[in-house]
Protein chains: 2
Amino acid sequence: MREVTAFAPATVANVSCGFDILGFAIDSLGDKVKVKLTEGSALKVVEIQGDEGKLPFESEKNTCSVAIQAMLDQMDLHVGMEISLYKGLPLGSGMGSSAASAAAALVAANEVLGKPFSKEDLVPFAMEAERIACGAAHADNVAPSILGGFVLIRGYDPLDVIKLPVPDGLHCTLLHPHLELKTSDSRSVLKQQISLKDATMQSGNIAGLIAGLYKSDFPLIGRSLKDVIAEPSRALLIPGFYELREAIKNVGALGSGISGSGPTIFILSSNESIATKAGEVSRKVFDEIGLGVDVYVSKVNVKGAFIL
Amino acid sequence: MREVTAFAPATVANVSCGFDILGFAIDSLGDKVKVKLTEGSALKVVEIQGDEGKLPFESEKNTCSVAIQAMLDQMDLHVGMEISLYKGLPLGSGMGSSAASAAAALVAANEVLGKPFSKEDLVPFAMEAERIACGAAHADNVAPSILGGFVLIRGYDPLDVIKLPVPDGLHCTLLHPHLELKTSDSRSVLKQQISLKDATMQSGNIAGLIAGLYKSDFPLIGRSLKDVIAEPSRALLIPGFYELREAIKNVGALGSGISGSGPTIFILSSNESIATKAGEVSRKVFDEIGLGVDVYVSKVNVKGAFIL
């Protein structure tokens, strides 16, 4: 029977002033999913690698099968599939791990079925997987993982997904410090009421960031990378956060923020050389406080999930 | 002695989801200011027309002279000027009346002095006039009145003014209902604390609006024209506000909102024909509730203040 393997990239959501509405995809880091058509009408997760035994095989709990099932339900189609998941992303890191699995699964399954859906169409199915994995059907990781580039989620009622341009040269440094940060803790520190002044500042900055992406205006992107809503609370959970911000500004990076709900930190830079230097100085900051860190330097991915 | 007359357009600030950060300029409606170099070192407001005797002649209170004085102070220059103000805009209407006077005064005075400043440089001087006129040195009227087009005020610390593109065909209908609305009342109804959910929706919409302007995507502009922060409180002060919104959507307009702190309402449309129809159906709404209204249909002005 026909089988297809797809790759879907890691993603950064909650891009600073883009709290809950903006995400982008990373090159090379990501998950792979193999989907094989079988007899019968059951989805079976038959193999999971790279998860240290933490992910569920039950098809109603695994993000790959949940996403594919949502697609099949929409088509009212009953087919069997064997699903193999090869994790390239650490779990619970803030790099969109569950989103990448769902995205790769959908792109592979869509190909196996002869592409009944466009990539844009796949986003709502992946959101169902996020509902299982994170408790909320967010699109700010799954949409960029599927579509690539910077993606704005304007709103959810109805879902409004807008692909934004990626300036040439824009690079991301991802820092994954070796500390555990529960999403529930990251959520619980968020203030549910904010001042009109802070809301207005956040609006000004997200507007500036969108304009900066369209204009390829790196200084404007840098000036706009400020989050006055989530970051002030969440940064306290990540040792070294503000020291690192100083250090990366000194080597010319545009700015930094918390990726998703952390603990991964993203840094944006106008070229690879600065992105690499930003990674080096960040590593020193974490060394000094005795915290291990994985550093990845990457272009912003513009093509999203693809068939291998 | 040399004399110059300049025109500066009306402006719409608080553009729906762009509360406090976004403004745009209107064609043809506006104020004119004549500036004449004189002996001595005093600024004198010698003539004011079209204000029904409401505006002050004292140079420390008139927005024209206050703006010019801020410019002269920056240059450490002591010259005399006679200033004549010809109001084309109603006072306290929410169309940026004080801003247009200051903008026209600055552009004329800058020309008289041989253009020591760029247009962008003039914005902070006009903000000093807003401080006198409105109690706060806002830039969201003065910047578009001087520069034209859509202007984003990303932030104030330091001032960061970004000119945005204007899609071809975009038209504005301005409705000035004959009712008095004090800025202090409009301000006092604003909630000073807002929910995280509303702040996130506002961010999504302003991001969508900026993207829509860059993409010339009229449906996206329409979907983004939502204000969940200021409008729900302020709309209650303007009879017919929501009936009008229904009526203009039915004729194909993109959306509507309160201009500045009201009572003027702006409507955006993708062409002049729809903008005109939107004005007609709006007039009917106000007729039915027995409220007089002035209706203006105009392109979005892209050149800002200019020498006559």
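Each residue, glycine too, has its Cβ placed from N, Cα and C.
In the domain 'GHMP kinase N-terminal' (B:66-149), helix, strand and coil residues by DSSP number 48 helix, 7 strand, 29 coil. Residues or ranges marked as domain 'GHMP kinase N-terminal' by TrEMBL: B:66-149.
Residues or ranges marked as ATP binding site in TrEMBL: B:Pro90, B:Leu91, B:Gly92, B:Ser93, B:Gly94, B:Met95, B:Gly96, B:Ser97, B:Ser98, B:Ala99, B:Ala100. A C-beta separation below 8 Å, combined with a sequence spacing of at least six in one chain, links B:Ala100 (ATP binding site) to B:Ala8, B:Pro9, B:Ala10, B:Thr11, B:Gly30, B:Asp31, B:Gly88, B:Leu89, B:Asn141, B:Ser145.
According to TrEMBL, the feature domain 'GHMP kinase C-terminal' maps to B:210-279.
Other residues of the chain with a Cβ within 8 Å of the Cβ centroid of B:Pro90, B:Leu91, B:Gly92, B:Ser93, B:Gly94, B:Met95, B:Gly96, B:Ser97, B:Ser98, B:Ala99, B:Ala100, the ATP site, are B:Ala10, B:Leu89, B:Asn141, B:Gly260. Summary: among the binding-site residues (B:Gly92, B:Gly94, B:Gly96), the fewest other C-beta atoms within 10 A of the C-beta are counted at B:Gly92. Fewest Cβ neighbours within 10 Å among the binding-site residues B:Pro90, B:Ser98: this applies to B:Pro90. In sequence order there is nothing to list, since none of the binding-site residues B:Pro90, B:Gly92, B:Gly94, B:Ser98, B:Ala100 has a CB under 8 Å from a CB of chain A.
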